[in-house]
Amino acid sequence: MLFHYLYPLHTEISFFNLFRYITFRTIYGGLTAFLICFLLGPWVINRLSRMQIGQFIQNDGPETHFEKEGTPTMGGILILFSLGVSTLLWADLTNHYILITLLSMLLFGAIGFIDDYLMQVKKRNMGFTARGKFLVQIMAGLVISYLVYLCPDFDTSLSIPFLKNFTPDLGIWYIPFATLVIVGTSNAVNLTDGLDGLAIGPIIIAGVTYMIFAYVASHITIASYLQVKHIASCGEITIVCGILAGAGLGFLWFNAHPAQVFMGDTGSIPLGAILGTIAVITKQEILLLVVGGLFVIEALSVIIQVGYFKLSKGKRVFRMAPLHHHFELKGWPESKVIVRFWIIAITLALISLSTLKIR
């Protein structure tokens, strides 16, 4: 919005020429998102507390979690609001990738909100049924994937890390593949969101990482030098990534241990979907397995635990899944689990960035 209204004034006032630069709008978009979260956070937390929308702790969880009972949840509203407003202010709203990313946030945000609403307000213990939620996510993912597929400059070939000459073209089959990426990431982030700041930290890290990927892909000279597929229109996604990181930092101010608020499904489900959508748009969908490796590990721990439990008729691989609970039950303090998982996320992000040179 600011781009559309202020940039045309650059012929009269040279300062407004800054608004044509993606780097400028990325930095100030991120700062705007941070400030919105930081300033509105206390009001949102107080409002959620007054509405008695508090976290429910299951009896089979770690004992240290019982003190979290009643902590305001559905704080994802704060993240999505700051993300949406900042994107509307700083991004080019005529860019189709921006509109698709915003739609992804709205669709999956609605799914997460309804799930939280059923649990917290209507007091349905588990919200959506697992099958029902997955079906709705698939439908939303198909819509987003189809819209990306229709974009005139979008390529349905895959970018395989370390194999620059191997780019299989999926054609129409890219739609179900992209749906799998978006829905899978959405659920993986949701599973990771079990400790104070555990999910939002890696989201910030992934946002910064994809900010670099998006900028590289949109810059024809850099993309050519690094042998990365050039996608001119995805430059605006750089701004969304910066805003995602800024909103995440603003939320982390209140979500850091001991948390004053939890994001709930209202935050984790759409944030994962946004990350998956960005990975698809920037043609770094395979590399998301590395960038979001922590989310992958957490999701795999649940799959392994459930599968082994059924096959072995009651035996477990981990003391509890997702994996972060396993380490808690081994005696690790919550803060140690969180920071060590963040370190893993940073390491994986650095490895993924190295693929820009190792091709």
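Every residue, even glycine, has its Cβ placed from backbone N, Cα and C.
Taken from Swiss-Prot, the feature transmembrane segment applies to 26-46, 73-93, 98-118, 134-154, 166-186, 197-217, 234-254, 261-281, 286-306, 338-358.
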- the transmembrane segment (261-281) and the transmembrane segment (234-254) contact flag, 3+ Cβ pairs under 8 angstroms: yes
- Query: Any residues 6+ beyond the ends of the transmembrane segment (286-306) with a Cβ under 8 Å from its own?
  - Reply: 158-161, 181, 184-185, 187-189, 191-192, 202, 206, 209-210, 213, 272, 275-276, 279, 316-318, 321-324, 326, 341, 344-345, 348-349, 351-352, 355
- If we call contact 3 or more Cβ pairs under 8 Å (sequence gap 6 or more), are the transmembrane segment (234-254) and the transmembrane segment (26-46) touching? yes
- Note on the structure: Sequence-distant residues near the transmembrane segment (26-46) by C-beta distance (under 8 Å, 6 or more away from its ends) are 72, 75, 77-79, 81-83, 85-87, 89-91, 211, 215, 238-239, 241-247, 249-251, 253-254, 260-261
- Message: Please identify the stretch among 98-118, 134-154, 166-186, 338-358 with the greatest number of Cβ pairs below 8 Å relative to the transmembrane segment (197-217).
- Response: 338-358
- Taking a Cβ cut-off under 8 Å, which residues six or more beyond the ends of the transmembrane segment (338-358) line up next to it in the same chain? 161-162, 195-198, 201-202, 205-206, 208-209, 212-213, 216, 226, 228, 257, 287, 290-294, 297, 324, 332
- Same-chain residues at least 6 beyond the ends of the transmembrane segment (98-118) whose Cβ lies under 8 Å from its Cβ atoms: 53, 73-74, 76-77, 80, 83-84, 87, 91-92, 124, 127-128, 133, 136-137, 140, 143-144, 147-148, 151, 182, 186, 236-237, 239-240, 264-270, 272-274, 277-278, 281
